[in-house]
Amino acid sequence: LLSITTTHIHAFKPLPISFDDFSDLNRSCFAPGFVFGTASSAFQYEGAAFEDGKGPSIWDTFTHKYPEKIKDRTNGDVAIDEYHRYKEDIGIMKDMNLDAYRFSISWPRVLPKGKLSGGVNREGINYYNNLINEVLANGMQPYVTLFHWDVPQALEDEYRGFLGRNIVDDFRDYAELCFKEFGDRVKHWITLNEPWGVSMNAYAYGTFAPGRCSDWLKLNCTGGDSGREPYLAAHYQLLAHAAAARLYKTKYQASQNGIIGITLVSHWFEPASKEKADVDAAKRGLDFMLGWFMHPLTKGRYPESMRYLVRKRLPKFSTEESKELTGSFDFLGLNYYSSYYAAKAPRIPNARPAIQTDSLINATFEHNGKPLGPMAASSWLCIYPQGIRKLLLYVKNHYNNPVIYITENGRNSSTINTVTSRIPF
């Protein structure tokens with residue numbers, strides 16, 4: 001977790017750092033108030049998946065039912081066992097001299113049935129009270145994400161989770177429970193983490209829970225429609241965010257003195273050439289990833305390119321929904337990992353609709369034999385450090401210069417290595 005306000009981005013100039021000597025790189029190189037932190041999510045870290053009254057999430061179901069969809073066939077039953085070992089983890093963070101810990105609350109741990117009417121799990125509430133108190137006692141601030149992909153299985157069973165309009169009200173009620181229980185100590189709230197990731201991976205490719213996509217794609221999904229469901233899931237995530245943010249701002253913000261935002265992820269897209277068709281393709285790449293959410297959050301509507309290309313498959317906001325969405329965040333959490341070349345892709349006549357092809361771009365890591373950058377350990381992660389600066393400037397110039405927290409970034413490696421390979425990133 002890194003904090004930065006884009007007002008000052010224009011003044012940034014890369015330092016001529018020698019990677020053989022990092023002795024001059026320290027906190028004094030950063031502006032006062034810059035926040036250094038680390039981040040996690042409930043399903044990936046907590047474990048205790050079926051302990052102390054917690055209900056199952058769609059990820060519990062997905063990893064147990066389809067272990068072949070997980071690279072090493074693992075699940076979140078134990079994870080790193082933070083549920084039982086959070087004091088050790090926070091002690092390590094303190095030793096690292098961190099300022100903040102960003103973690104998510106497991107919706108089904110506090111509401112096992114997903115709804116207030118299904119009962120509140122006090123043991124879950126107690127766990128997060130203890131976690132928050134431990135973070136504060138060790139001199140750090142909690143940055144709390146309300147939703148990091150773990151929809152309660154009960155809501156998936158009842159109305160297919162984020163494909164159902166009812167989730168907007170249920171998420172608002174869940175958020176209010178968290179504001180009531182933890183808002184006296186939590187001053188930074190994040191409603192959703194990477195709604196693009198949920199929409200695409202869970203409903204277009206079927207690689208995330210609940211594993212939906214069009215049958216004709218032959219991706220071994222549980223059913224779905226890759227041309228419609230990703231847009232619907234994104235739409236309801238946006239409305240859920242707006243409902244929770246509005247509630248916080250009108251009912252809790254004045255007394256609790258906190259702020260609320262949303263975390264989005266985006267690649268950077270470099271035009272494959274100087275041709276207008278490729279320049280436009282790069283812009284569409286940003287529209288279909290970042291603008292898909294930032295346009296509604298700042299302008300109350302989807303990007304023009306999406307409205308033109310997706311047409312009737314793209315849901316519409318009512319006048320009231322548009323009003324609630326516009327400006328519904330105090331800060332933007334931004335996650336950046338990778339960049340792509342973007343070139344124009346031809347429209348295929350009579351093609352079956354799928355979000356994967358709607359943007360009419362061909363995104364690659366190499367163009368005409370020239371790689372954009374070296375690859376990290378993940379097949380989707382191209383190491384292109386300048387992409388984060390370009391992305392920050394793009395957000396500043398196109399979306400009203402919001403306050404930004406860099407809530408995730410970095411690269412992975414298939415081997416244990418020294419810090420030197422990460423410094424350029």
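The backbone N, Cα and C atoms fix where each Cβ goes, and this holds for glycine too.
Per Swiss-Prot, these features apply:
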type: SIGNAL; residues: 1-11; note: signal peptide
type: BINDING; residues: Gln44, His148, Asn193, Glu194, Tyr337, Glu408; note: beta-D-glucoside binding site
type: ACT_SITE; residues: Glu194; note: active site, proton donor
type: DISULFID; residues: Cys213-Cys221; note: disulfide bond
type: CARBOHYD; residues: Asn220; note: N-linked glycosylation site
type: ACT_SITE; residues: Glu408; note: active site, nucleophile
type: CARBOHYD; residues: Asn412; note: N-linked glycosylation site
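Overall, the recorded beta-D-glucoside-binding residues Gln44, His148, Asn193, Glu194, Tyr337, Glu408 cover a maximum inter-Cα distance of 19 Å. Between the recorded positions Gln44, Asn193, Asn220, Asn412, Asn193 has the most other Cβ atoms inside 10 Å of its own Cβ, all protein chains included. Working note on the binding-site residues Glu194, Glu408: by count of other C-beta atoms within 10 Å of each C-beta, Glu194 ranks first.
In sequence order, Ser41, Ala42, Phe43, Ser104, Asn193 are the residues near His148 (beta-D-glucoside binding site), counting only same-chain partners six or more apart with C-beta under 8 A. All protein chains included, Cys221 (disulfide bond) registers 22 other Cβ atoms within 10 Å of its own Cβ. For Tyr337 (beta-D-glucoside binding site), applying a Cβ distance below 8 Å and a minimum sequence separation of six or more within one chain yields Val265, His267, Trp380, Leu381, Glu408, Asn409, Gly410, Arg411. The distance from the Cα of Glu194 (beta-D-glucoside binding site) to the Cα of Cys213 (disulfide bond) comes to 19 Å. Listed in sequence order, Tyr203, Ala204, Tyr205, Gly206, Leu219, Cys221, Gly224, Ser226 are the same-chain residues six or more apart from Cys213 (disulfide bond) with CB atoms under 8 A from its CB.
The DSSP secondary structure for Gln44 (beta-D-glucoside binding site) is helix.
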